[in-house]
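First comes the structure, then the notes that go with it.
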Amino acid sequence: PLCAGFPLSIFFIVINEFCERFSYYGMRAVLVLYFKYFLHWDDNLSTAIYHTFVALCYLTPILGAVIADSWLGKFKTIVSLSIIYTIGQAVLSVGSINDLSDHNHDGSPDNVSLHIALSMIGLILIAFGTGGIKPCVSAFGGDQFEDDQEEQRSTFFSLFYMSINVGSFLSTIVTPNLRATECGIHTKQRCYPLAFGIPAILMAVALIVFVAGSRMYKKVKPQGNVMFQVCKCIGFAIKNRFRHRSKEFPKREHWLDWASEKYDKRLIAQTKMVLKVLFLYIPLPMFWALFDQQGSRWTLQATGMNGDFGIEVQPDQMQIVNPVLIVIMVPVVDSLIYPLIKKCKINFTPLRKMTVGMFLASMAFVAAALLQVQIDKTYPVFPAAGQTQIRLMNLGNVPATVQFQPQLQSVDVAPKQATDYMIFKTSQLQSLNVTSGSLTETQSLEGLLEGKRYTFAFQSFGTGIVPNLIFDNVTSKPEEGKNLIRFINGYVSTINITLGDQVIGIVPPLSASDYITVPGGNRIYLIKSTSPFNCLVTSKEFGFGSAYTISINYCTLGSLNITYFEDIPPSSVHMAWQIPQYFLLTCGEVVFSVTGLEFSYSQAPSNMKSVLQAGWLLTVAVGNIIVLIVAGASKLSKQWAEYVLFAALLFVVCIIFAIMATFYTYVDPNEIEAQFDEQETEDKKDKDDHEKEAEADSKM
């Protein structure tokens with residue numbers, strides 16, 4: 001059945017592709033943060049496992065193509081691998097349920113290895129599913145058209161790629177928002193089960209929609225895989241060349257010509273063209289090594305930034321910049337930039353375009369490194385081994401001078417003010433003397449812990465100075481952009497405090513409450529005190545990733561007087577500063593990726609497209625493996641340095657590729673095919689003539 005000149009079956013295929021891509025990109029968007037915040041892996045392990053998964057997703061298409069072409073056919077391959085895929089998504093979703101092993105209801109899983117095992121099984125199944133069906137779905141769609149429907153087929157592929165981009169775009173908005181919501185039976189957690197569960201449901205929908213159209217599909221029987229032919233031909237040529245390696249055998253023009261004893265000239269010529277292109281593929285993985293870090297390193301970079309765009313943007317939502325820019329950049333580049341370059345009489349060959357694409361991606365990582373340097377400046381410095389940090393906080397109304405003994409340093413502290421954290425060698429600290437007006441007080445500093453922070457709060461009353469050394473139990477910047485808030489009582493009697501709907505409880509004079517966690521962003525809270533007085537005040541916005549100590553001073557006419565002390569400054573670098581690096585990388589992708597596939601297909605015969613697609617996907621897989629190796633072997637402690645390293649590596653590879661490209665001669669496969677067709681027609685004609693002559697001779 002037809003609909004607007006199209007086979008009705010293709011609409012099922014397009015809807016299936018939309019759901020599958022939504023499922024894959026939605027799950028992949030939140031994956032690295034799931035590793036970091038739920039499985040509590042560090043940045044390097046999270047990055048390594050993320051890239052292992054992506055590499056596997058790009059290795060399995062070769063397997064899928066072989067199964068479809070040589071054994072099951074495309075339809076059965078898609079259905080069976082989609083079932084595996086759906087199971088994988090469901091297993092991953094179950095593995096992310098905190099309550100599965102949180103028997104003591106403390107908010108973190110008791111048996112982390114169970115969650116890791118389920119997550120890894122789920123991801124392996126997903127990699128086999130998504131990779132296996134990748135080469136089959138678009139080809140299966142192409143099979144639905146007759147030979148005379150070239151125009152409709154071309155429109156279908158445009159629709160098909162549009163559904164991929166729309167699916168990835170929507171899922172990158174939706175799943176990070178689902179992740180950011182709180183859910184759970186006993187304790188409220190980030191909602192990973194929902195963020196993975198919705199993609200699992202959509203994958204099930206994709207499968208049902210695809211199977212629903214079963215009767216309408218045109219199913220082509222498996223016709224064998226050309227990859228096997230090519231591999232056998234290459235294998236035989238190498239073996240044969242090795243057998244005839246002595247000087248007595250004449251040399252042949254090309255090493256593949258050693259396969260001519262067994263394989264026909266056409267296959268050998270086609271294989272030569274394919275190998276010529278595949279040789280150019282060798283430097284390409286380095287581009288993908290940088291490109292695929294959008295979902296790992298760049299997402300982790302965004303976690304230390306300010307996501308307030310009027311609405312709160314999640315770190316994993318910044319990946320959306322890529323599909324948005326692609327939709328804008330592809331038409332701009334095709335209809336504006338390429339024609340302009342042509343007008344300037346510059347011969348912008350496909351290989352030159354790819355070289356420019358690599359250079360732009362390299363520059364994107366330079367931009368990422370510059371941004372990382374700015375982010376690092378906003379991070380607090382924590383004490384190293386053998387060091388202790390102390391901050392002085394004067395809660396009184398009289399200036400004071402504090403002398404660290406033995407004669408280390410003297411510091412003046414104004415009323416209602418605090419110093420920054422000062423670093424001391426722990427072994428040198430003995431005591432400190434506070435002088436305020438005519439009053440003095442000594443505080444012992446024996447037994448302070450190494451690598452920790454302390455706040456020394458004091459207040460002078462008429463009769464003396466009341467000191468309190470408070471242990472600051474914070475060793476890193478708060479994660480996920482959350483804020484840490486605690487209260488210190490600068491009033492003479494005990495007070496009861498609440499912040500929004502969280503009860504802080506009773507705080508004695510000059511004592512500090514424990515830190516509580518509040519969500520990041522531009523929210524404001526009501527700070528209330530009850531007993532001995534009922535007072536309230538509206539808090540300021542805490543931003544993202546900050547820690548504050550709030551001093552309760554006194555109450556006048558129902559209004560609470562408070563002072564803010566910044567323990568850790570909020571993230572001040574805005575996420576919008578990631579857009580330049582995304583822009584450079586996307587421009588690189590547009591001139592590299594789109595051109596790369598077009599170039600490959602233009603340089604090899606049509607029946608070899610599957611071999612080239614396999615080679616192309618292999619470059620993506622190898623690129624992700626490079627990230628594993630470089631991130632694991634570089635041992636760079638600074639993230640900006642790693643970005644510079646990747647930028648430098650790609651720049652070197654870019655130069656190598658440019659040199660290789662200058663030696664490449666473009667071919668027209670159709671011309672070569674036509675020569676073979678002509679040759680075959682002539683041979684057939686000669687054969688027929690011989691047969692006729694032989695027939696005539698026999699009659700005589």
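Glycine is treated like the rest: Cβ placed from N, Cα and C.
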From the ranges 7-27, 154-174, 217-237, grab the one TrEMBL calls transmembrane segment.
-> 154-174
Among 48-68, 154-174, 194-213, 320-341, 611-631, the stretch with the most Cβ pairs under 8 Å to the transmembrane segment (112-133) is 48-68
Taking 154-174, 194-213, 273-291, 611-631 as candidates, which has the most Cβ pairs under 8 Å with the transmembrane segment (48-68)?
-> 611-631
